[in-house]
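So that you can see what the record holds, here are the features copied from TrEMBL:
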- 13-465: domain 'Major facilitator superfamily (MFS) profile' (DOMAIN)
- 60-79: transmembrane segment (TRANSMEM)
- 91-110: transmembrane segment (TRANSMEM)
- 116-136: transmembrane segment (TRANSMEM)
- 148-169: transmembrane segment (TRANSMEM)
- 189-208: transmembrane segment (TRANSMEM)
- 283-305: transmembrane segment (TRANSMEM)
- 311-335: transmembrane segment (TRANSMEM)
- 342-365: transmembrane segment (TRANSMEM)
- 377-400: transmembrane segment (TRANSMEM)
- 412-434: transmembrane segment (TRANSMEM)
- 440-461: transmembrane segment (TRANSMEM)
Amino acid sequence: MGKLIPNTFNLIVVIAAALGSTCCSYGMSVISSTIGQPSFYLDLNMAPHGEPGYAHTAQLIGAMNGVNSAGSALAAIFTSWTATKYGRLRSIQLGCIISVVGAALCAGSVDITMFLIARFIAGWGVGMLITIIPMYQAEVSTPESRGFMVSMHGIMFAMGYSLSAWIGFGCYFVSASGSNSSFAWRFPLAFQAAPALLLLAFSPWLPFSPRWLLSQGRLEEARSVLRRLHHRAEDAHEIQANKEFYQMRKQLELDRQITTHTTWYEIFATGPNRRRAYVGFSLMFGNQLTGVLIIANYGVILYASLGMAKFMPLLLSALWVTLSFPGNIFTALFIDRIGRRLFLLIGLAGLTITLIFECAMQARYLGTSNSAGQKAAVYFIFQFIFFWSTFIDASQYLYLAEIFPTHVRSQGMAVGMFGLYSGAIILLCAGPIALDKITWKFFLVLIIPTFMHFWNVFFFFPETKQRSLEDINAAFGEQVAVHYYGATAEEEAQYAKAIAAEEREAGEPVDLGSMVKPEKEITAHHVEKV
């Protein structure tokens, strides 16, 4: 684990930031348990499932998710500005504040209009946090540990989904006992504020992103933060951290020579950036078209249609999201070894096959009395979460956060997250209506784009494992000022001279011999890493 965790402080920073990830997933999925509470329909004057007027309710449920995703999509664009202007950390803090306000308004809603406005505000907070947190985690991680560290976003995402599902399941029994109390749906909505408040409380002790500090000309502060984040017990002279800082500084200088001023449309200004924008947008948009949010948000409706009654739909939804934990942990432990591209390809292939079987089971057994066939359909819904959580969930945020250079990373994250919420708006608005009107045929709509997305990743997505964020430029056809991954003997010597000069200026001379490896040793070392 030493290679995955350079020091305790780095891990604490990444996990603390991931409290915002829990807030995001909780806020995105809380509607799933909300629509399973009978008192919710009663308090907001809506017809429940199976009763006259439910067609209008289905439209309102779609609108609840639609306005939430719309808020998140607009917030992603807004965050591309705040992250550059005021920094990653300040954007996290603002996202937390808005999430708390949104949660309070959702929980206190007295009619459907207020609830829809509150869902938009809550979605804005989620959109800011989900855009900025993987970026922040990637920028504070070492090249060797970035996959593990950013996967904390996926693990804590699973935490939010699980909390939402189990709290909703527990609150169901308030209604099951015969009570019409609105606590059953108000408390779960209010609880969204809890992880946001925790992160806000921790945030004064979190460091600014060293790459953002460097882009602001705060060189000494950036160097100090990077050394603290990337200190290794076996590296007393901070050689690796100094190498990283030197590469970051040289790459920023090179990027500024190419682009003297970063405009709001810089992400579309050059061929490599346009390719990155396409990869980022299509990654997140395509992943949503697999239907993951349909199951996460409307699982209660799916299970009810497959013959599950009373508390069983809520229980199955809670079990479904809880099973995402092992998959995300697997990603954290092995994605730096196996690679992002292979993870995505395995996941999309598995999801395509799973959706085909799910569609077949529902086509044959939906609306029948064949409980065995209906249980088989439920099984494939659970097989879906295996492939999603193990190969897609954390991998997508990691890949999106690392493919963009520092000066346009916030813009790139915004493009990717806009893709996510564009797909979410389409599916979540159409989902409840489609499940009510065309039932199993809706899965045909998911199979084809998932299959096509597999080939999109296969042909257009380069591998990025074990590269520094600056090294990844080469994968998109851009120049790297000096390589960290696979550095030549000449580049190692360049590192040694530059770092020694900086240390002498600071009054801490370093032995050049301890920093320069023979060329054969360098080659052998990087062959082993590959």
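Glycine residues also receive a Cβ, built from the backbone N, Cα and C atoms like all the rest.
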Practice problem: Take a look at 91-110, 311-335, 342-365, 377-400, 440-461 and tell me which one has the most Cβ pairs under 8 Å to the transmembrane segment (189-208). | Solution: 91-110
Quiz prompt | For the transmembrane segment (283-305): best-contacting stretch of 116-136, 377-400, 412-434, 440-461, by Cβ pairs under 8 Å | solution = 412-434
Quiz item: So which residues does the transmembrane segment (342-365) touch in its own chain, when a touch means Cβ under 8 Å and the partner is 6 or more beyond its ends?
Solution: 283, 290-291, 306, 331, 335, 373-374, 376-377, 380-381, 383-384, 386-388, 390-392, 395-396, 399, 439-441, 443-444, 446-447, 450-451, 453-454, 457-458, 461, 463
Practice problem: With a Cβ cut-off under 8 Å, give me the same-chain residues at least six positions beyond the ends of the transmembrane segment (116-136) that come close to it. | Solution: 17-18, 20-21, 23-24, 27-28, 31, 63-65, 67-76, 78-80, 82-83, 88-89, 91-92, 94-103, 105-106, 108-109, 150, 153, 192, 196, 209, 397-398, 400-401, 409-410, 413-414, 417, 420-421
Quiz item: In the same chain, which residue numbers or ranges, 6 or more beyond the ends of the transmembrane segment (311-335), come under 8 angstroms Cβ to Cβ?
Solution: 4, 29, 32-33, 36, 147-148, 151-152, 154-155, 157-159, 161-162, 164-166, 168-169, 172-173, 176, 295-296, 299-304, 343, 378, 381-382, 385-386, 388-391, 393-395, 398, 465
Quiz item: Can you tell me the mean pLDDT for the domain 'Major facilitator superfamily (MFS) profile' (13-465)?
Solution: 92
Quiz item: Of the listed stretches (60-79, 91-110, 148-169, 377-400), which one yields the highest count of Cβ-Cβ distances below 8 Å with the transmembrane segment (412-434)?
Solution: 60-79
Quiz item: Sequence-remote contacts (6 or more beyond its ends) of the transmembrane segment (60-79), Cβ cut-off under 8 Å?
Solution: 27-28, 31, 35, 46, 91, 95, 98, 112, 115-117, 119-128, 130-132, 297, 410, 413-414, 417-418, 421-422, 424-425, 428-433
Quiz prompt | Beyond the flanks of the transmembrane segment (148-169) by 6 or more, those residues with Cβ under 8 Å of it | solution = 4-5, 10-11, 14-15, 17-19, 21-30, 32-34, 36-37, 133-134, 137-138, 140-141, 187-188, 191, 195, 296, 311, 314-315, 317-318, 320-322, 324-325, 328-329, 331-333, 335-336, 389, 393-395, 397-398, 401-402
Quiz prompt | Sequence-remote partners of the transmembrane segment (377-400) [C-beta within less than 8 Å, at least six residues beyond its ends] | solution = 134, 138, 146-147, 150-151, 153-155, 157-158, 280, 283-284, 287, 290, 292, 295, 299, 302-303, 306, 308, 316, 319-321, 323-328, 330-332, 335, 340, 343-344, 346-348, 350-351, 354-355, 357-358, 361-362, 365-366, 412-413, 416-417, 461, 464
